[in-house]
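Q: Take this structure first; my questions come after.
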Amino acid sequence: MKITVVGAGAVGATTADNIIRRELAEEVVLLDIKEGVAEGKSLDMYQTAALLGFNTLPVGSTNDYEKTKGSDVVVITSGLPRKPGMTREELIGVNADIVKSVTQNILKYSPKAILVIVSNPMDTMTYLAFREAGVPKKRIIGMGGALDSARFKTYLALEMGVTPNDINGMVIGGHGDTTMIPLTRLATYNGIPVSRFLSEDKLAKIAADTMVGGATLTKLIGTSAWYAPGAATAFIVESIVRNQKRIVPCSVYLNGEYGQKDIFMGVPVVIGRNGWEKIINLRLSEKEKAAFAKSAEAVRAMNAVLPA
Ligand SMILES: NC(=O)c1ccc[n+]([C@@H]2O[C@H](COP(=O)([O-])OP(=O)(O)OC[C@H]3O[C@@H](n4cnc5c(N)ncnc54)[C@H](O)[C@@H]3O)[C@@H](O)[C@H]2O)c1
Ligand SMILES: O=C(O)C[C@H](O)C(=O)O
């Protein structure tokens, strides 16, 4: 198994670190355009092997795609992160060109790879990667819902004073401050609806906090987050390489599912060795359906901004 992570910045390096520690591949290639950075971070990571005991080999590359040849899974994190006060959507101008050229280069050397797109605005960047790659839809996965759901579970756990490990919950829709849909109605504490423990007001606040979870961290840190994004990306990669068939909300191509066509949006999917294998059709309430349709409108408007 060989995995490539494009972009050796905060999220890319953290993703690679999580993948390496869990020995999800024999080799992990980290690629960046900044001279020496990917090589340096790979060597730094490998120097933890003697301390942590893993056997995966990290390999750095300054824009040399030959080194990525024959990758089974490729994660794309290259691109600008937002600054405080910005939306993810404002990154489209710069990041579209980056994601487009990276996708083309990757496919030249790894035509069979499953692509996991992280760069923002993620749903639109995933749509763009799909358009450029021309590969079966099940091999293109956008990472957003895994992270947003982890934040949702964390906020629920903090409010309830319990471990996030006992909380189940999903965020679907777009990966944007106003397009996410935290499904409070379906969230549980070990199978028991969280509404048995929290008031409607508390749940509404948790949903609102989840939606601006990324913006909150960006304001605190000065750039966007990387620990949970890196862990969430590695979580998806693990479900692929270990063929775990986990149900994870991911941005995937919808062709009529959830009432939408020709769009990438977050919905629960089964993730296994072939990419996303199946879309889970949740029975949404009328209010949730309306939120999904509104979210799709916003994502579609972003997609329309992409150059032809
Ligand atoms: N989908 C999500 O949930 C999620 C979560 C966190 C961050 N993000 C997004 O991920 C992206 C990266 O965030 P970050 O914090 O790691 O940023 P960063 O600035 O730390 O790292 C980005 C890296 O991409 C590299 N890069 C730029 N152009 C490149 C190219 N053509 N080829 C290869 N590498 C190139 C840069 O040199 C830099 O090292 C941003 O767009 C951010 O908004 C998405
Ligand atoms: O908030 C951001 O801009 C980065 C990422 O999408 C996140 O949710 O952490």
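Along the chain as shown, the residues are counted starting at 1.
Using the three backbone atoms N, Cα and C, a Cβ is placed for every residue, glycine included.
A TrEMBL annotation is a machine prediction, not a hand-curated record.
Feature list, courtesy of TrEMBL:
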| type | residues | note |
| --- | --- | --- |
| ACT_SITE | HIS175 | active site, proton acceptor |
| BINDING | GLY7, ALA8, GLY9, ALA10, VAL11, GLY12, ASP32, ASN95, VAL118, SER119, ASN120 | NAD(+) binding site |
| BINDING | ARG82, ARG88, ASN120, ARG151 | substrate binding site |
| DOMAIN | 1-142 | domain 'Lactate/malate dehydrogenase N-terminal' |
| DOMAIN | 147-299 | domain 'Lactate/malate dehydrogenase C-terminal' |
Q: Given the recorded positions ARG82, ARG88, ARG151, HIS175, find the one whose Cα is closest in space to the Cα of ASN120 (NAD(+) binding site).
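A: Of the recorded positions ARG82, ARG88, ARG151, HIS175, ARG88 has its Cα closest to that of ASN120 (NAD(+) binding site).
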Q: Just how many other Cβ atoms lie inside 10 Å of the Cβ on ARG88 (substrate binding site)?
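A: ARG88 (substrate binding site): 27 neighbouring Cβ atoms within 10 Å.
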Q: As a check: which entries in GLY9, ASN120, ARG151, the binding-site residues, place their Cβ less than 6 Å from an atom of ligand 1?
A: GLY9, ASN120
Q: Which binding-site residues, if any, among GLY7, ARG82, ARG88, VAL118, ASN120, ARG151 have a Cβ under 6 Å from ligand 2, given in order along the chain?
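A: So the answer is ARG82, ARG88, ASN120.
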Q: Would you please pick out, from the binding-site residues GLY7, GLY9, the one with the fewest other Cβ atoms within 10 Å of its Cβ?
A: GLY9
Q: Return the residue, from the listed recorded positions ARG82, ARG151, HIS175, with the maximum count of other C-beta atoms within 10 angstroms of its C-beta.
A: HIS175
Q: With Cβ-Cβ distance below 8 Å and at least 6 positions apart along the chain, what are the contacts of VAL118 (NAD(+) binding site)? List them in sequence order.
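A: Non-local contacts for VAL118 (NAD(+) binding site): GLY7, VAL11, GLY12, THR15, VAL75, ILE76, THR77, MET143, PRO229, THR233.
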Q: Out of GLY9, ASP32, HIS175, the recorded positions in the record, which is closest to ARG88 (substrate binding site) when you go by Cα distance?
A: HIS175
Q: Let's see if you can do this one: DSSP helix, strand and coil counts over the domain 'Lactate/malate dehydrogenase N-terminal' (1-142), in that order.
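A: Within the domain 'Lactate/malate dehydrogenase N-terminal' (1-142) the tally stands at 67 helix, 28 strand, 47 coil.
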Q: What are the non-local neighbours of ASP32 (NAD(+) binding site), defined as same-chain residues 6+ apart in sequence with CB under 8 A from its CB?
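A: Within the chain, ASP32 (NAD(+) binding site) has Cβ neighbours under 8 Å at VAL6, GLY7, ALA8, GLY9, GLY12, ALA38, SER61, THR62, ASN63, SER78.
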Q: Using a 10 Å cut-off, grab the number of neighbouring Cβ atoms around the Cβ of VAL11 (NAD(+) binding site), all chains included.
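A: There are 28 such Cβ atoms around VAL11 (NAD(+) binding site).
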